[in-house]
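Engineer: In case it helps, TrEMBL gives these features for our protein:
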type     : residues                                   : note
TRANSMEM : 7-26                                       : transmembrane segment
BINDING  : GLY12, GLY13, THR14, ALA15, LEU335, ILE348 : FAD binding site
ACT_SITE : LYS78                                      : active site
BINDING  : LYS78                                      : 7-chloro-L-tryptophan binding site
BINDING  : GLU344                                     : L-tryptophan binding site
Amino acid sequence: MKPLNRIVIAGGGTAGWITAAMLSFMTKGTSTAVELVESDEIGTIGVGESTIPPFVVLLRSLGIDEQDFIKSTNASFKLAIRFEDWFKKNQHYYHPFGTLGGLIDNHEFYQCWLRAKAAGHPSELQDFAAATVMADQMKFLLPFKAPRTMIASASYALHVDAKRVAQYLRRYAEERGVTRTEGRINRVRTHPDGSIAGLDLSNGKVVDGDFFIDCTGFRALLIGQTLGVGYVSWADELLCDRAVAVQTENTDDDADVHPYTLSQAQDCGWRWRIPLQHRAGNGYVYSSRFLSDDEAVATLMRQVKGRPLIEPNIIPFKTGMRAKMWEKNCVALGLAAGFIEPLESTAIHLVYRAVDYLFRFFPDADCDPSLQAEFNRRVAAEYEEVRDFIVLHYCTTQRDDTPFWRAAQRTPIPASLRARMELFKATGILRQGLEELFGAASWQSVYEGMGVRPARYQPFVDKLPMSVITETLDRSAPLLKAQVAGLPHHAQFLRDHCRAERDF
């Protein structure tokens, strides 16, 4: 076995430095050297500011102090995503992090709730999601600080400044032996067998390696332009192909720092608001078939709150993924690997999930094709799961008030999602794999929020007396609301425990 002596990461940004940080941790004590090549001349997209709970798990696994990270990245906490005007205008729902309710006499909560609803019980599903109730009341506490309460069933993620995250992880990686080389990639050299030999930089430097990771963004210099790996388009399933992003200053109103990401449907797509401690990330994801760039900018700027800190930035994108993420001695990550609109905040997650798979199938210098095939299968499944979850929001809407929404209802539904929906609609059962990202509470919350409720509940729930179910529901919802009412406001919690310094 010939070991990998040198791994080269082409490109920095969030994707590159997350990869470098993880590699520095995993290769500690080995002979493998890690080098990252990036150029200060090349800007980053820098809009991936919303994360999901596995990101917090990643920080802990790297030994990063969470409080220090939050202060350094101007972060705030995220309990959920609030969807406004998606199902119908003037209606909203939450996709919360954590669980929904708890077992009722060893029976699944959701099935018990379905039975109660069939009998006319007035409760709503989100009444039993601690993260939803906390988000709606603008309250926050670290869930593990409230053991033996319903609050402990919540989970959380972070809203972060993407550029600060890259800077933080750069320091982390360099302290652990990663070498950073400045320079723009001028040429990618290959071996006679087509695998990558090295990078020639515009400043004359030459960087050779055994294995390469392409984090060059949409340009995909290695995986696409050099190795010629094709791109699988999902433009038919997901119509949006552009975004405009802008940062705004928060006002003195604590309501600006809400503990959730806002996703509000618009006439030709949707807009986001991601609150950090001192500013907010705002954007409008839209379809160029139905809206011009100028109209998108004007629409977004009419709705943002606070003083703009930068000029609006237009970001064209192609929804889809590489036909293969791993080809020869190169793995693509981040935008080089694919792009799915950020409706469920999955961009950063897909990076470190792929790196995690790379560790599991870590090659020697020969890059066994069987390792590549299994890696490609698993990472493709991750992308397809995210695609299906995003499509679910569009294909179940009842909005038909604009040409965009009428077109969204007519887009093809992937066969994998159709199978999931048919099973759920008929039985309330979720079709899930062991390592899927979105758990039962996620699917159930979005289905319910988008008006999709199963035709029946599972028959075994009938063994429970209805009084046991209704008494549990009638007791749990008010108790959760009362427990949350006593928590600190999210903005106050940040000020008390992890205040970030203003940098503008």
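Note that Cβ sites are derived from N, Cα and C of the backbone, with glycine treated the same way.
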Engineer: Which whole-number value in Å describes the distance between the Cα atoms of LEU335 (FAD binding site) and the residue listed as 'active site'?
Structural biologist: 24
Engineer: With the FAD site defined by the record as GLY12, GLY13, THR14, ALA15, LEU335, ILE348, how many Å span the farthest pair of C-alpha atoms?
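Structural biologist: The span, Cα to Cα at its widest, is 13 Å.
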Engineer: Which residues, given as numbers and ranges, are at least 6 beyond the ends of the transmembrane segment (7-26) yet have a Cβ under 8 Å from it?
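Structural biologist: For the transmembrane segment (7-26), the nonlocal Cβ contacts are 32-38, 44-46, 48, 58, 61-63, 162, 165-166, 169-170, 172-173, 176-178, 180, 185, 198-199, 207-217, 221-222, 333-336, 348, 351-352, 355-356, 359.
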Engineer: Can you give me the Cα-Cα distance between GLU344 (L-tryptophan binding site) and GLY12 (FAD binding site) in Å, rounded to a whole number?
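Structural biologist: Pair distance, Cα basis, whole Å: 23 Å.
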Engineer: Secondary structure at THR14 (FAD binding site) (DSSP, helix/strand/coil)?
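Structural biologist: It is helical.
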Engineer: Cβ atoms within 10 Å, counted per site: which of ALA15, LEU335, ILE348 has the most, among these binding-site residues?
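Structural biologist: Going through ALA15, LEU335, ILE348 one by one, the largest Cβ count within 10 Å is at ALA15.
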Engineer: Looking only at C-alpha atoms, tell me how far GLY12 (FAD binding site) is from LYS78 (active site), rounded to the nearest Å.
Structural biologist: 25
Engineer: Among all chains shown, work out which of the recorded positions GLY12, THR14, LYS78, GLU344 has the most CB atoms within 10 A of its CB.
Structural biologist: LYS78
Engineer: Taking the Cβ of GLY13 (FAD binding site) as the centre, count every other Cβ atom within 10 Å, in any protein chain shown.
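Structural biologist: Total other Cβ atoms inside 10 Å, all chains included: 24.
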Engineer: So of all those binding-site residues, GLY13, THR14, ALA15, ILE348, which one's Cα sits nearest to LYS78 (active site)?
Structural biologist: ILE348
